[in-house]
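Taken straight from TrEMBL:
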{"type": "ACT_SITE", "residues": "Asp34", "note": "active site, proton acceptor"}
{"type": "ACT_SITE", "residues": "His62", "note": "active site, proton donor"}
{"type": "ACT_SITE", "residues": "Lys167", "note": "active site"}
{"type": "BINDING", "residues": "33-39, 61-63, Arg329, 355-357, 438-440", "note": "GTP binding site"}
{"type": "BINDING", "residues": "Asp34, Gly61", "note": "Mg(2+) binding site"}
{"type": "BINDING", "residues": "Asp34, Glu35, Gly36, Lys37, Asn59, Ala60, Gly61, His62, Thr156, Arg170, Asn248, Thr263, Arg327", "note": "IMP binding site"}
{"type": "BINDING", "residues": "Val323, Thr324, Thr325, Gly326, Arg327, Pro328, Arg329", "note": "substrate binding site"}
{"type": "REGION", "residues": "1-20", "note": "region 'Disordered'"}
{"type": "REGION", "residues": "139-158", "note": "region 'Disordered'"}
Amino acid sequence: MADVNGVQPESPRKRLRQEPSNKVSVVLGAQWGDEGKGKVVDMLAGSSDVVCRCQGGNNAGHTVVVGDAEYDFHILPSGIINSSAVSVIGNGVVVHLGQMFEEIQKNETKGLKDWQKRLIVSERSHIVFDFHQSVDGLQEQERSKDSSGTKSLGTTKKGIGPCYSSKAGRHGLRMADLLGDFSVFEQRLRNLVDSHKRMFPELTVDVEEEVRKYKGYAERMRPLVANTVAYIHKCLQGDKKVLVEGANAAMLDIDFGTYPYVTSSNCSIGGVCTGLGIPPQYIGEVYGVVKAYTTRVGVGAFPTELDDDIGKLLQNRGAEFGVTTGRPRRCGWLDVVLLRHTNMVNGYTAIALTKLDILDVLKEIKIGVGYLKRNGEKMEHFPANMGELEDIKVEYIIMPGWQQDTAQCRTYEELPQNARNYVEKIEELVCVPVKWIGVGKSRASMITIF
């Protein structure tokens, strides 16, 4: 059909698909968490207009140091301390409202201001209730008693898994429900409590108190809740810089991590798309945050773990204790097989290598470069079976240490030659360039290479 000027309009099928001019940047943990994502996000948030969380809950723990203040974030995006950026909690995040407000209050005493103007919570995000947290603890108790030899998962007991179970079972409650007809919300909450009590007879819940509490939360949340999918889409159609902050890490991903010793969400790149409603073509830079050695909290296979004095030294020098739980982190050498696996899944465009300074005192440093089966056969890829992973032998290369203080280095050239050799060997083995190197806690201690 011709238009009013007699010109045949172009068929949409003939139009070439245009590459988006504005894309999100993503920061993801490349190991088992605690890599220093918060510091990287804080550094990038200064030039970002929007900073988003896409998955997980307050089981994550990010520490950001600004001047003399040390902020701890669990559910809030680390970018909340950037007064010029909007922080978004996406639909893939599960939110315990009481603990979110406690976290806000705690960080207000450290200098957090005007957060109400800069925080948006997705109407589609699910609510973590106190009984979800109780169930989390009960399930851990059951697992520890299991005669089949199943170990407890080392959960943070923050109710994340049970909340995601409610979500997948399609009887969870969302922010949109909380802000809708409260009588409907109340009835669904009572039904949800009843179903959990049937599954866990020892569970006690003060339903009347929960109802009273959530009436109050509804009014506090009303100005914060919005359609974040539409909001982010509008930002991307314009010139707003959007940064996505992954929680947990790739090896804790429910699909690609060391299952079952994982979290209950997708901490890999797919979680960015599903947890925020961002199409794949809008994914731009993907920064993998890699600690210069490896750590893990809780149970599960850990091929390069060090149960010796070097492991204790890394734990003490690196202050390796969980932000969320306070549990000591297990420490080991850098594992390149693991990094190749997470790079295969996430497609890192660059690496942020953190805590290089913790290795300053070592005479020699090992890097795990291959896995061997018990029969000596080389394992080509990171295994899915935990029995196999616990049974492998790690092939190492040995790099000479530098035994010099790097904490005051501010350029790549200032690093000792052996430290640079270590960085370049990682780049060579993982086939991803290192863009930043962390040599301390502060913002100033991040060295930018390119």
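Including glycine, each Cβ sits where the backbone N, Cα and C put it.
Geometry remark: Gly326 (substrate binding site) versus Thr63 (GTP binding site), CA distance 13 Å. Every protein chain shown contributes to the tally, and the Cβ of Asn59 (IMP binding site) ends up with 27 other Cβ atoms within 10 Å. Cα-Cα distances to Val323 (substrate binding site) place Asp34, Thr63 within 10 Å, out of the recorded positions Asp34, Gly36, Lys39, Thr63. Lys167 (active site) is 24 Å away from Gly33 (GTP binding site) when you measure Cα to Cα. Comparing CA positions across the recorded positions Asp34, Lys167, Asn248, Thr325, the one lying closest to Val439 (GTP binding site) turns out to be Asp34. A simple Cβ count within 10 Å picks out one of the binding-site residues Gly33, Gly36, Gly61, Gly326, Pro328 as the most packed, and that one is Gly33. The Cβ of Val323 has fewer other Cβ atoms within 10 Å than any other of the binding-site residues Val323, Leu356, Val439. Fewest other C-beta atoms within 10 angstroms, among the recorded positions His62, Lys167, Arg327, Arg329, are seen around Arg327.
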